[in-house]
Amino acid sequence: QDPFIAFHLDKTLVRKYMSPLLIGELAPDQPSFEPSKNKKLVEDFRELRATVEKMGLLTPNHTFFLLYLCHILLLDVAAWLIIWYFGASTLPFLFSAVLLGTVQAQAGWLQHDFGHLSVFSKSRWNHWVHKFVIGHLKGAPASWWNHLHFQHHAKPNCFRKDPDVNMHPLFFALGKTLSVELGVQKKKFMPYNHQHKYFFIIGPPALVPLYFQWYIFYFAVQRKQWVDLAWMLSFYIRFFLTYLPFLGVKGTLGLHLLVRFIESNWFVWVTQMNHIPMHIDYDKNVDWFSTQLQATCNVHQSFFNDWFSGHLNFQIEHHLFPTMPRHNYWKVAPLVKSLCAKHGIEYQCKPLLTAFADIVHSLKDSGELWLDAYLHK
């Protein structure tokens, strides 16, 4: 019930589509609550959810999102004007690349808002604008993001259920339990005891340019997402038409790859700081609140941190209330902290640079656990 309520705006419409999936109902004498879940915590969270709705924290401020979109478009135009006015020499080229990298990162956070249905009251309006933001401003398919991201939210850091931890075990050994299990099984796809070093090579700089950049086209064609593909192509056509006259083919391709490199570093550090250092394991089927809290942590609030991370420094609140507009996370955070304190659940919040460092430290720790199990167990 809690994930269903968390993800959907129009529950009546969704229930209509789900009715053919009904295979039966519990008999009146059968228990309806699973023993692996904390009943009191579930009740308290549902009370918190009701409070959040009464406080109007799920109601978006459209001006906030309009201004956010405008600042992205202004940066995009500024990047082109710099090349147009100052020419294609090294300094203007690099400055434009930084601005365009910022555009890509910030458009990434904005498409995330629309994808989570947190901007408009109607789901279809969010879906329409989502296609424009992720497709035309970023060159990626909305269907691909939806396919992966909602699995992540339903079961964060649950191996084989959260696609975001699929890098285990092929590239990284993640989480204490899974790393030891790999070592005991004598599996070694990579030298995991060095993963905190090679993360800097195959992680932040490579994910978008070397993997996402190409896989998204495969995804759109394989699944026949032709509308998404058209939106994606509109991004590339616009990008090459605006920069080709000034930079030529090689220069435009170089600019594009540099922008993807900047975006990739930004994206990976921000998205992984909240999850990689947290509990990663098989799904234990615990309650919604516990599932989210053990897999997420926060980063301190500041104007820069909010902007830099697209408010994903409030990852805990975002995971508990995925349709909540991001400008309200700070308002619900004290209530979430109180609920955590009541039930003895750790609510982690740390400085930005500490959160970045914790990614590396956790990779080092799990790599050492793997090596110890690989050699001695």
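Glycine residues also receive a Cβ, built from the backbone N, Cα and C atoms like all the rest.
Here the structure is a predicted model, which means the values were calculated and not measured.
So that you can see what the record holds, here are the features copied from TrEMBL:
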- 64-87: transmembrane segment (TRANSMEM)
- 91-349: domain 'Fatty acid desaturase' (DOMAIN)
- 93-110: transmembrane segment (TRANSMEM)
- 198-217: transmembrane segment (TRANSMEM)
- 229-249: transmembrane segment (TRANSMEM)
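On the 0 to 100 pLDDT scale, the model's mean across the domain 'Fatty acid desaturase' (91-349) is 96. Within its own chain, the transmembrane segment (93-110) is flanked in space by residues 65, 68-69, 71-72, 75-76, 78-80, 82-83, 133-134, 137-138, 247, 251, 255, 258-263, 266-267, 270, 307, 309-312, which lie at least six positions past its ends and keep a Cβ under 8 Å from the stretch. Within the chain carrying the transmembrane segment (198-217), a Cβ under 8 angstroms from the stretch's Cβ atoms is held by residues 139-141, 144, 171-172, 190-191, 229, 232, 257, 260-261, 263-265, 267-269, 272, 359-360, 363, all 6 or more beyond its ends.
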